[in-house]
Amino acid sequence: MGVVFIAHGQPSAALRLLQARSVLSSSSYLRLGRPHLSYARQWLNPHFAPPRLDTFRLRCSFINTDVLDSVATEEIYEDTTSLDSNCSIPVVHLQPDTLETEGLNLLVGGTYVDTILKELPVLSEEEQNAIAATPAHPAGLCALYASCLAGNLVEQLWNFAWPAAIAMIHPSLLPVAVMGFFAKIAVIVGGPLVGKLMDHFPRVPAYNCLTIVQAAAQLLSVGMIIQAHTVKPTPVSSILVQPWFVILVIALAVERLSGLALGVAMERDWVVLLAGTNRPIALAQANAILSRIDLLCEIAGASLFGVFLSKHEPVTCLKLAASLMIWSLPVVVVLTWLTNKLSAGVLDLATSIEVIKHGWFEYIQQPVLPASLAYVLLYFNVVLAPGGLMTAFLTQHGLNPTIIGGFSGLCAFMGVAATFVSAKMVKRLGILKAGAAGLIFQASLLTIAVAVYLSGSFSQKIPVVFFLCLIVLSRLGHMSYDVVGAQILQTGIPASKVNLIGTTEVAVASMAESIMLGVAIIANDVSHFGFLAILSLLSVVGAACLYCSWLKSPTDTQRSLFPFEPHFS
């Protein structure tokens with residue numbers, strides 16, 4: 001039969017112990033509904049119990065007990081005084097002092113409720129996946145996508161516009177190479193400083209401030225290039241000492257540094273807060289959408305400016321680009337504010353700051369270092385890829401700006417296609433073999449492309465088109481490894497060091513690109529393009545060989561990190 005224990009005096013700990021024991025000693029179980037859960041916590045938690053209870057009312061629910069088989073639930077409401085004299089249920093008087101210590105030991109911390117709960121609600125796998133795929137702030141993410149679209153469209157248009165406009169001033173790769181070199185140096189030196197400053201300031205004001213700085217640098221660059229087109233042509237050696245060129249180099253360095261900080265803030269910080277750190281599917285979808293927006297903006301920006309440049313004078317096209325920059329600035333600022341507003345101010349939360357030390361040592365010690373080094377080697381390929389040097393070379397070779405813009409757009413389109421192809425490759429080959437397939441595919445096509453260029457028939461139209469098509473197709477392999485390599489690094493790098501190793505990898509990649517730009521400064525004549533193309537090809541082939549050798553001789557660490565790889569089973 002059921003027994004109710006009553007302790008006189010201060011029943012705070014004794015009552016908690018005896019309520020638990022009365023449940024454990026019976027053949028039934030006590031079920032606390034959600035409306036009464038907080039009430040039970042107040043009774044059972046010593047922080048909520050009053051210092052002295054002379055009289056208290058006890059409410060219990062006995063379900064399917066031995067003595068009440070025919071009754072589903074019986075509720076007992078009695079004061080202790082009446083219960084003592086009138087109740088027929090046996091009452092046992094216990095001294096609380098003897099049970100105080102044992103009661104506290106039994107019901108410590110947050111386990112006092114858990115000990116009496118026999119059934120807890122557990123989400124099904126479908127419900128867990130649904131939550132993981134639902135962003136924490138979907139409206140804020142939509143505003144972020146719109147802000148990214150407005151800002152990236154102008155940035156990608158300018159990335160294509162300035163090399164094309166500079167290449168029309170003088171038939172040499174030197175001005176473009178010098179500007180690109182100092183821009184990379186600015187990223188290497190100033191990147192950590194700008195990142196640290198952004199960590200010390202509120203997110204939204206810091207982001208808007210950098211957006212204004214980037215737009216001002218772009219407008220200043222437009223003004224300097226327009227001035228260069230209005231003055232008389234000068235020898236290439238004299239261009240480097242012209243005041244407009246010096247200002248242009250500084251403005252481009254500031255613009256690139258601001259763009260890098262804005263990209264890191266959006267892709268590494270904002271999207272994580274808006275999608276939710278504990279919602280991996282939603283975060284992966286948000287990352288994919290941001291990547292596709294960036295590539296689509298690259299397609300649109302290069303194509304639009306290429307068409308404009310083929311029909312209008314360079315100065316007219318630059319003025320049109322400046323108008324677009326001025327128009328997009330308030331749009332980006334408003335959308336940034338709206339992103340924070342729609343996400344209930346989640347971006348106003350303080351950023352946790354940690355002092356980063358020994359970055360190079362941690363980078364070298366990472367378990368997937370060969371995969372990261374292969375990624376860095378691809379950045380030596382600054383010639384056989386869409387960029388400033390390729391745009392300048394094709395412009396000086398006499399190609400129509402529309403064709404050049406279409407070439408850059410198709411390369412970006414291959415990046416979009418790679419986001420879909422890489423997923424199928426991982427499913428069929430496994431993540432490690434998919435990375436090797438991407439690198440081998442890129443190295444093979446670029447080998448053929450260099451052979452076409454060195455054949456001596458590059459002055460004809462068909463070899464040029466074939467050369468460009470091979471580079472476009474090679475971007476499918478490059479971007480496939482970019483997607484797969486990111487997943488390899490996410491799997492292999494410890495979560496506590498992911499930011500440290502990631503930022504160090506970006507610095508190493510920028511250094512590799514700056515080295516190749518330095519070589520292009522020395523070999524700045526168009527006739528040396530074949531030599532630069534061979535160096536770029538060797539870097540891609542080296543990346544493929546390094547990665548395949550790492551894959552061919554797997555270590556125990558590699559097997560433990562990727563246990564589901566087909567060739568490991």
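Yeah, the Cβs are placed from backbone N, Cα and C, and that goes for glycine too.
With a cut-off of 8 Å between Cβ atoms, the residues of this chain six or more beyond the transmembrane segment (173-194) that come close are 162-163, 166-167, 210, 236, 239-240, 245, 248-249, 252-254, 256-258, 260-261, 382, 387-389, 391-393, 396, 503, 506-507, 510-511, 513-514, 517-518, 520-521, 524-526, 529. Taken from TrEMBL, the feature transmembrane segment covers 173-194 (among others).
Summarising the annotation, TrEMBL assigns transmembrane segment to 206-229 (among others).
Through the fold, the transmembrane segment (241-265) approaches residues 151, 155, 158, 162, 175, 178-179, 182-187, 190-191, 194-195, 198, 203, 206-207, 210-211, 213-214, 217-218, 220-221, 224-225, 227-228, 234 of its own chain, all at least 6 residues removed from its boundaries and within a Cβ separation under 8 Å. As annotated by TrEMBL, transmembrane segment applies to 241-265 (among others).
Note on the transmembrane segment (320-338): residues 143-144, 146-147, 150-151, 153-154, 157-158, 161, 204, 207-208, 211-212, 215, 218-219, 222, 305, 308, 312 of its chain, located 6 or more positions outside it, place their CB under 8 angstroms from a CB of the stretch. Sequence annotations record features per position, and here TrEMBL assigns transmembrane segment to 320-338 (among others).
Annotation source TrEMBL lists transmembrane segment at 373-395 (among others).
As annotated by TrEMBL, transmembrane segment applies to 401-422 (among others). Listed as Cβ neighbours of the transmembrane segment (401-422) (distance under 8 Å, sequence separation of 6 or more from its ends, same chain) are residues 160, 164, 288, 291-292, 295-296, 298-300, 302-307, 309-310, 385-386, 391, 394-395, 434, 438, 468, 471-473, 475-476, 478-480, 482-484.
What TrEMBL records for 434-454 (among others) is transmembrane segment. Long-range contacts of the transmembrane segment (434-454) within the same chain, counting only residues at least 6 positions beyond its ends with a Cβ under 8 Å from a Cβ of the stretch, are 371, 374, 381, 384, 422, 425-426, 428, 463, 466-467, 470-471, 473-481, 484-485, 488, 529-530, 533-534, 536-537, 540-541, 543-544, 547-548, 551.
When Cβ-Cβ distances below 8 Å are used as the criterion, the transmembrane segment (460-477) is approached by residues 384-386, 390, 397, 399, 407, 410-411, 414-415, 417-418, 421, 437-443, 445-446, 448-449, 452-453 of the same chain, each at least six residues removed from its ends. Here TrEMBL flags 460-477 (among others) as transmembrane segment.
TrEMBL lists 498-523 (among others) with the feature transmembrane segment.
Through the fold, the transmembrane segment (529-550) approaches residues 173, 370-371, 373-375, 377-385, 389, 393, 435-436, 439-440, 442-443, 446-447, 449-450, 453-454, 512, 516, 519-520, 523, 558 of its own chain, all at least 6 residues removed from its boundaries and within a Cβ separation under 8 Å. Per TrEMBL, transmembrane segment is recorded for 529-550 (among others).
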